[in-house]
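Comments concern the structure below.
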Amino acid sequence: GSRGVAVVTTTCVSLSSILSCIAFYEVALCASACYIRIAPWIFSELFDAAWGFLFDSLTVILLLVVTIVSSLVHIYSISYMSGDPHSPRFFCYLSIFTFFMPMLVTGDNFIQLFLGWEGVGLASYLLINFWFTRIQANKAAIKAMLINRVGDFGLALGIMGCFTIFQTVGFSTIFACASAFSEPHHYFLFCNMEFHAITVIRILVFIGAVGKSAQIGLHTWLPDAMEGPTPVSASIHAATMVTAGVFMIARCSPLFEYSPNALIVITFVGAMTSFFAATTGVLQNDLKRVIAYSTCSQSGYMIFACGISNYSVSVFHLMNHACFKALLFLSAGSVIHAMSDEQDMRKMGGLASLLPFTYAMMLIGSLSLIGFPFLTGFYSKDVIPELAYTKYTISGNFAFWLGSVSVFFTSYYSFRLLFLTFLAPTNSFKRDLSKCHDAPILMAIPLILLAFGSIFVGYLAKDMMIGSGTHFWANSLFILPRNEILAESEFATPTIIKLIPILFSTLGSFVAYSVNFVVNPLILALKTSTFGNRLYCFFNKRWFFDKVFNDFLARSFLRFGYEVSFKALDKGAIEILGPYGISYTIRKMAQQISKIQSGFV
């Protein structure tokens, strides 16, 4: 039954998280990377893709994050999904996801990475569509699948390009040969134009990362993915799957280092995503959607940290972000559970007295997210803009300023969420408030553990992962000496530049307070003016990305498919030249021939 399924899956995932802790100790702390070759899988002439596991520092960090977050989410789901008749199916899907994610992280060649990549996409589809009777959930799941297909197409092309150039898909071989193939005379010929091969491969692979990590352009599926149950949003769309793109860029760092153009593209895309998602999250009203945009924004930070070739900082931020974002989502789930499935923030308020524990957890998560000094987010998040500043390039400065402004918006929407949900005068129905209950013990345990993570992990892991001269990453991340700027950003950046993120985040919290609490005639005038209304509409409708996609891309594709492919070709030319036309011609000819035969002997 449902209890048995819950017990079995949770036990297995918890065991795997304990094992990944052991692996972390052996591989990362004892500095002995491990390479296991299990069995041949696809073997055809030069093309050799074996089942193999590659455990280096990068892998074990990701394993630690994935298994621990997944096990906490499993424990949380036991309580959260207890009333659902389909909870066995839910736990099966969740475990499928938790299986494919380590496959993605530990694979030692591109094919195995691609297997895990597609697998988590499938699990994401199944879980978003978990309540399959809701039209919104169907639409969101199909959208997530389709947009990820665009990204996966790019990734598949990138893998093929890798095989074309390097004649192999194994990571170790490709990374060893990267420098030899980075010369300009290795190029792809396309339409009689020469394109630098490694740059092309990298940009294609990055398109895959854009799809999976919800970067600008292919981001529209992430906020819609909130239709699934809350534990899903926490596990997949916050902590693990959305960061798979970042993991892949970090894993391919030797290749990215040899194509500076690809790095510039990554920096720009990441910075624009962080800014775009932060501005959009400011005016959303759905509790989970705000946090979803926050995820989008933070993954933009990670991507542009990779773009300024500081992969270590990026993975560090990934780990910290997994802690506090899972905490935020699970607390939001606790609120929604207490309010009998009400997600609109405008219909909440005053819950701090009713849900003190959840409020505390949400507060810790939000403070960590905005980079409150000496919490987890502070250590990774504030390093990224100052590294960008130290690049002294156009892309670096661009990323620095967009990132700093995003910090302001991040702080604003985090506090707006806290104010509207917990502190504002209440707006909710009496029947909801009468049934309001704080998190039961099974939901509270994961929250407490994640809260400790959100407070201490950054401080504990900072020197190990991004300290000056740390040996931790060994050979898993590669940075060209000319791109190495950690020391310079540490000692050469002016203090005022280092303080900009903190200043902006405090400013954001004050603005949120004044807009949502203090009755201010200026703010009121802005809210009621036409310009304010337009602005609200623009941000609330997510910069009209969905509208543009639907009107200009999807509609024209569908029209083409119906008018040209279906009517003109399938039902037109092919039918006339094919079965229908032949049978018609033969019938007519038979009539003509039968006229010749008059019947007289």
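Yeah, the Cβs are placed from backbone N, Cα and C, and that goes for glycine too.
For 41-91, the entry in TrEMBL reads domain 'NADH-Ubiquinone oxidoreductase (complex I) chain 5 N-terminal'.
TrEMBL lists 58-78 (among others) with the feature transmembrane segment. Residues of the same chain lying 6 or more positions beyond the ends of the transmembrane segment (58-78) and with a Cβ under 8 Å from any Cβ of it are 6, 9-10, 13-14, 16-17, 19-21, 23-24, 27-28, 87, 90-91, 94, 97-98, 101-102, 105-106, 229, 231, 234-235, 239-240, 243, 247, 250-251, 315, 318-319, 322, 326, 330, 333, 442-443, 445-447, 449-450, 465, 473, 476-477.
The transmembrane segment annotation in TrEMBL covers 90-107 (among others).
Feature annotation from TrEMBL assigns domain 'NADH:quinone oxidoreductase/Mrp antiporter transmembrane' to 108-399.
Here TrEMBL flags 113-132 (among others) as transmembrane segment.
The transmembrane segment annotation in TrEMBL covers 187-211 (among others).
Taken from TrEMBL, the feature transmembrane segment applies to 232-250 (among others). Among residues of the same chain six or more beyond the transmembrane segment (232-250), those with a C-beta under 8 A of the stretch's C-beta atoms are 58, 62, 65-66, 69-70, 73, 76, 94, 97-98, 101, 104-105, 113, 116-117, 120, 123-124, 127-128, 130, 205-206, 208-215, 222, 225-226, 256, 266, 288, 291-292, 295-296, 299, 302-303, 306, 311, 314-315, 318, 321-322, 325-326, 328-330, 333, 477.
Distant neighbours of the transmembrane segment (262-283): 198-199, 202-203, 206, 210, 214-217, 219, 249, 256, 289-290, 293-294, 296-309, 388, 395-396, 398-399, 402-403, 405-406, 409-410, 412-413, 416, 536, 539-540, 542-543; these residues of the same chain sit at least 6 beyond its ends, with a Cβ under 8 Å from one of its Cβ atoms. The transmembrane segment annotation in TrEMBL covers 262-283 (among others).
Listed as Cβ neighbours of the transmembrane segment (290-312) (distance under 8 Å, sequence separation of 6 or more from its ends, same chain) are residues 209, 213-216, 219, 222-223, 225-226, 233, 237-238, 242-243, 245-246, 249-250, 253, 256-257, 263-278, 280-281, 284, 318, 321, 325, 328-329, 332, 345, 369, 381, 384, 387-388, 391, 395-396, 399, 403, 406, 409-410, 413-414, 416-417, 465-466, 472-473, 477, 479-480, 483-486. According to TrEMBL, the transmembrane segment annotation covers 290-312 (among others).
Outside the transmembrane segment (318-339) by six or more residues, the chain places 61-62, 64-65, 69, 72-73, 76, 80, 230-231, 233-235, 238-240, 243, 246-247, 287-288, 291, 294-295, 298-299, 302, 348, 351, 354-355, 358, 361-362, 364-366, 368-369, 376-377, 379-381, 421, 428, 432, 435-439, 443, 446-447, 450-451, 453-454, 457-458, 461, 465 with a CB less than 8 A from a CB of the stretch. Look at TrEMBL and you will find 318-339 (among others) tagged as transmembrane segment.
The feature transmembrane segment is assigned by TrEMBL to 351-378 (among others).
For 398-420 (among others), the entry in TrEMBL reads transmembrane segment.
What TrEMBL records for 441-461 (among others) is transmembrane segment.
Annotation source TrEMBL lists transmembrane segment at 499-526 (among others).
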Surrounding residues of the transmembrane segment (113-132) on its own chain - C-beta under 8 Å, 6+ positions past either end: 86, 89-90, 93-94, 96-97, 99-105, 107, 138, 140-141, 144-145, 148, 152, 155-156, 159, 208, 212, 224-225, 227-229, 232, 236-237, 240-241, 244, 248, 251
Of 90-107, 351-378, 441-461, whichever stretch has the most CB pairs under 8 A to the transmembrane segment (398-420): 351-378
The domain 'NADH-Ubiquinone oxidoreductase (complex I) chain 5 N-terminal' (41-91), counted residue by residue under DSSP: helix, strand, coil: 29 helix, 13 strand, 9 coil
